[in-house]
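Read through the structure below, which is laid out as structure tokens, and then see the notes.
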Amino acid sequence: MVNTKVTLSGITLDNPVIPASGTFGYGYEFAELYDINILGSFSFKGTTREPRFGNPTPRIAECTAGLINSVGLQNPGIDKVISEELPKMRKCFHKPVIANISGFSVDEYAYCCERIDKEDQVGIIEVNVSCPNVHHGGMAFGTSPEAAAEVTRAVKAVTTKPVYIKLSPNVTDIAAVAKACEEAGADGISLINTMMGMRIDLKTKRPVIANKMGGFSGSAIFPVAVRMVYQVAEAVNIPVIGMGGVSSAEDVIEMMLAGATAVQVGAANLVDPFACKNIIEDLPRVMEQYGIKDLNEIIGGAHK
Amino acid sequence: MKQSIFTVKSNQHLTDTVLKMVLAGDTSAITASGQFVNIKLDGFFLRRPISVCDYNEKTLTILYKVVGKGTQYLSTLAAGKQLDILTGLGNGYDTSKSGMHPLLIGGGVGVPPMYRLAKNLLEEGKKPEVILGFNTKAEAFYIDEFRALGVPVHVATADGSLGTKGFVTDVVKTLKDYTYFYTCGPEPMLKALSDVTETSGQLSFEERMGCGFGACMGCSCETKYGNKRICKDGPVLEKEEIKW
């Protein structure tokens, strides 16, 4: 028997596999397909203070080994998330969940995090300072160490649960942003969010995405994500959740070797609704193949 | 929704760019006409959503147009090729609202879902009337198959090379006493039909999709009944709820 249990800020997960925010809704629709309690946890759809429809369509453009999305944080707003979505989620998922929070001002981050902090089932608050889709939005916070730290401090002041800051890869020095968040009190770092990308339709000679640009994700960005997780893990002493193009049990192990304690799976869920289930079922076999008895032994193993 | 492996039984051209593919596999998740399937293709990241033309317990028939690299690849597949397909996606058409004499209006690649819908309505003892629109005679397909069902079939072509010269709306304007309408086709056609029809109806929409099963919010639209996902809450919307 191999050990797949890992611990994030005192919360033990049965395995490190976590569907990433925005690719898994609030879980209950996937629960019709399989028992989602096999997951380590999951990060629910990014939530803002007000309801948002998001960006105009087309919001999706296919790429080699990935896709660009420009959903623009569509969500029902924090009131409805708490009153309608979380009760539905609770019926099908019985483990601590990761609440993903976005905002357009420091006050909004603090307001939403304070509200969600009171929800019993929330184990970790994941603060998205990196969504690249919204003008005057998350982008500004995640691209500056000072701004990311300001959000972290504001959120930490009004919450009791572990706060993980989810970073944007669209920066020159991601380690500096991560360090600033750690110094501001962050309990962990999630990375990477999507990379800014663009496609142009040769027939119309116009951008495919209505909003012109969007966030690129999928297996194509996996090497970039591994590199950034490695850099951040080297720079900070708080846990890292690694994500970006993860689509197999081998990818999970590689991400952990780079320094991740847990791993999120995003775009792969959109191609295969059973992606996380398949990865979890495959993980013990791949661990044995590489002589790994306990996943905790390999976290950051590539740094030696 | 179900994920399963299908085997290509045949894949033949109906026109220069439209093909008919018959696949063998588990169709048990398909519950209504107007639903679609989402097909994984080697070398392409996203699946390809394609409407269901017809199905029985063991086979699925799709008619698709080659519009890009994915459908170009699909057109090269030979019998025996296995494909990973998600089935039973989308809401499909609700036949309970049709009345006795519904119009079924398909435009171009919007024609295929009308075929199973016509069969379902006939089985329910109703008398559907079909209008098929194409750009040219060379692009027309499945007219004989619809006629073989024993329903009245009108054809319109934009250049007049077959049937009525003009659009499906030109045919609809000449018809009276229909009780409801169902349609699928390009959005300008759907809008024109919404304006010209005298009854309620259901319209099937197309949108670039991420997942095709409601997870990513890639294909959302605003309706009078709130935000909907074309892939999960649609692709069929009711005339009264659509914000044009």
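Placed from the backbone N, Cα and C atoms, the Cβ positions cover glycine too.
What TrEMBL says about a protein is an automatic prediction, not a curated fact.
Taken from TrEMBL, the feature active site, nucleophile covers A:Cys131.
If you look up TrEMBL, you'll see A:Ser21, A:Lys45, A:Gly46, A:Asn100, A:Asn128, A:Lys166, A:Ile192, A:Gly218, A:Gly244, A:Gly245 marked as FMN binding site. Within 10 Å of the C-beta of A:Ser21 (FMN binding site) we count 27 further C-beta atoms, all protein chains included.
Cβ-based neighbour count (10 Å, all protein chains) for A:Gly72 (substrate binding site) stands at 22. Classification of A:Gly72 (substrate binding site) by DSSP places it in coil, neither helical nor stranded. Positions annotated as substrate binding site by TrEMBL: A:Lys45, A:Asn69, A:Ser70, A:Val71, A:Gly72, A:Leu73, A:Asn128, A:Asn193, A:Thr194.
Summarising the annotation, TrEMBL assigns domain 'Dihydroorotate dehydrogenase catalytic' to A:5-287.
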Entries of A:Lys45, A:Ser70, A:Gly72, A:Thr194 which, being binding-site residues, have CA atoms within 10 angstroms of A:Ser21 (FMN binding site): A:Lys45
CB contacts for A:Gly46 (FMN binding site) [other CB atoms within 10 A, all chains]: 23
Neighbouring C-beta atoms (10 Å sphere around the C-beta of A:Gly244 (FMN binding site)): 31
Other CB atoms, at most 10 A from the CB of A:Thr194 (substrate binding site): 29
